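What Swiss-Prot records for this protein:
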DOMAIN    4-167  domain 'EngA-type G 1'
BINDING   10-17, 57-61, 119-122  GTP 1 binding site
DOMAIN    175-351  domain 'EngA-type G 2'
BINDING   181-188, 229-233, 294-297  GTP 2 binding site
DOMAIN    352-436  domain 'KH-like'
Amino acid sequence: MAKPVVAIVGRPNVGKSTIFNRIAGDRISIVEDTPGVTRDRIYANSEWLGQEFSLIDTGGIDIEDAPFIKQITQQAEIAIDEADVIIYLVSIKEGVTDADEHVAQILYRSNKPVVLGVNKVDNPELRSEVYDFYSLGFGDPYPISGAHGLGLGDLLDAVIKNFPEKSGEDEPGTIRFSLIGRPNVGKSSIVNALLGEDRVIVSDVAGTTRDAIDTKFTDQDGDRFVMVDTAGIRKKGKVYENTERYSVMRALKAIDNSDVALFVINGEEGIREQDKRVAGYAHEAGKGIIIVVNKWDLVKKDNHTMQEFEAYIRDQFVYLSYAPIIFVSAKTNQRLEQLPALIKKVNTNHMRRIQSSVLNDVIMDAIAMNPTPSDNGKRLRVYYATQVAIQPPTFVVFVNDPDMMHFSYERFLENQIRNAFDFSGTPIHMIERRRK
């Protein structure tokens, strides 16, 4: 089920990023310890009063070399395009400015719910000036202080009241997948090929955002799929469509609402920095991942080309060593018929549960083969392990001292688990806990 999307909009220097960080708190979706991942804090998962939602910081969307008014106009348009609810942020210090009124006009025409936050109300004496902002036409302005974290509860109460009603859940057994990747790698061609004459299209189901259409279809075996955000992939002609941060933001939403992500690379152009950014998000979100090398028909090949390109991918995406790679051509339909089966396999692995007794046999055999590390005469002791979650499979290992579990030994244990059980296509999370 798609989570509601909340966007923070406003002219520069009103404190959008501060408010973003306050609301996101420690739930910002990018973790700090994955090697090789390019980080960008434009998007976070958050929660208020038990309601989960995705948060967009449009302050992080830079339209390079654009005039000031054009920049804030495009920023507002992006928010309108993506959000279910908009937090319109202004500043008490400057009062109502021409730029504020310009953004207000765009938001007013959008018919999206708008909650007006007046930032930088850092002391009670300033509260009387908040009433000036009624002139913007969005009802009660909410006085807040990003610097001190004041007033955010009332603001978020108003935000969640405007969330759309939930639509029906997917039928049991339905697999949700998305195609992610930078612009022009051929995602739309793959969509059209997958939804061709040999597919039964059940319906186009409107998501919680205005134009995020999720497409249901069944494969030749009768298994059900939902392709997430086909509208976003197919959409053309918008000025900001090919700006990197917009496409990353769209990919993040699709990843968040998927079980499996098909990470599409342009085989003719190779790997770019933006590819690494999008792949990093999917990995850190714990989704099942398939690497799809498209436009393979355009690559000059010999008997070693595929193996060499696969080695190139493994070198560039060390943290995706578990992800299967498939070489396709949307133009010629090469290997596209294999994708539904591969998606089903990865989804099965993503949901795999291992019985504790069997898991511990594997762990103890691994330790017998490669003893645990020691430090200053003290040896790491592993008592037992258990699986605590799926999607992704998550294992807790109970030890005498979690600090002694070196990254390399944790990786060794993970590899032994992978050797014993089929977890291809899914990350594995390992958590060390001290035995009480």
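Glycine too: its Cβ is placed from the backbone N, Cα and C atoms.
Same-chain residues at least 6 positions away in sequence with a Cβ under 8 Å from that of GLY181 (GTP 2 binding site) are, in sequence order, LYS187, ALA251, PHE263, VAL264, ILE265, ASN266, ASP275, VAL278. Each residue contributes its Cα atom, and for LYS16 (GTP 1 binding site) and TRP296 (GTP 2 binding site) those atoms are 43 Å apart. For LYS187 (GTP 2 binding site), the Cβ neighbour count at a 10 Å cut-off comes to 24, with all displayed protein chains included. Reduced to three states, the DSSP call for GLY10 (GTP 1 binding site) is coil.
Calculated from their C-alpha atoms, the gap between GLY10 (GTP 1 binding site) and TRP296 (GTP 2 binding site) amounts to 43 Å.
TRP296 (GTP 2 binding site) falls within a helical segment according to DSSP. Mapped onto DSSP classes, the domain 'KH-like' (352-436) shows 31 helix, 24 strand, 30 coil. The two recorded residues, ASN13 (GTP 1 binding site) and TRP296 (GTP 2 binding site), have Cα atoms 46 Å apart. Mean pLDDT for the domain 'EngA-type G 2' (175-351) in this predicted model: 81. THR58 (GTP 1 binding site) is surrounded by 28 other CB atoms, counting those within 10 A of its CB over all protein chains shown. ASN184 (GTP 2 binding site) sits 23 Å from THR58 (GTP 1 binding site), taking the CA atoms of both as reference points. Under the three-state DSSP scheme, ASN184 (GTP 2 binding site) falls in the coil class. A sphere of 10 angstroms centred on the C-beta of ASN184 (GTP 2 binding site) encloses 12 other C-beta atoms.
Of the listed binding-site residues ASN13, LYS16, the Cβ environment within 10 Å is emptiest of other Cβ atoms at ASN13. On a Cα basis, THR58 (GTP 1 binding site) lies 36 Å away from TRP296 (GTP 2 binding site).
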